[in-house]
């Protein structure tokens, strides 16, 4: 059940960083953290990742509740004893709940992490988004490793 602690840590870090941004930055304000690469940029998003489906909050409520339920079910039924699988689900669950809290309480999500590579500005994101991405990457690694084990490949 350690994976629920990971989920709680992700939610706490996500909500704490968003609270800090809301309390200390104006929307649109940018603070350079690593020159030419990393900025804290206060932004509000009422859509999904990269502002997809902006303004369709009812859709996100429904989908998120379903996804959270499915993840908890899978964690309870299948994740025990599968460390990488359970950790990946914990990161996904923490990210989903972190952004869901924002949508329910504020009808928008606080984003603030902005990275720049040369002339490319990656879409602004938050800890929950990063957690979702880490969870998905870990899940892909788990599936690849598990598939190799199943087939007996070293």
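Using N, Cα and C of the backbone, Cβ positions are placed for all residues, glycine too.
DSSP assigns residue 111 (active site) to a strand segment in the three-state reduction. For residue 111 (active site), the number of other Cβ atoms no farther than 10 Å from its own Cβ, over all displayed protein chains, is 25. Summarising the annotation, Swiss-Prot assigns active site to 111 (among others) and lists sequence analysis as the type of evidence.
Following the DSSP three-state reduction, the secondary structure of residue 129 (active site) is helix. Residues annotated as active site in Swiss-Prot: 129 (among others).
For 55-75 (among others), the entry in Swiss-Prot reads transmembrane segment.
The transmembrane segment annotation in Swiss-Prot covers 84-104 (among others), and the record cites sequence analysis as its basis.
Residues or ranges marked as transmembrane segment by Swiss-Prot: 124-144 (among others).
There are 22 other CB atoms within 10 A of the CB of residue 129 (active site), with all protein chains counted.
Of the recorded residues, residue 111 (active site) and residue 129 (active site) place their C-alpha atoms 9 Å from one another.
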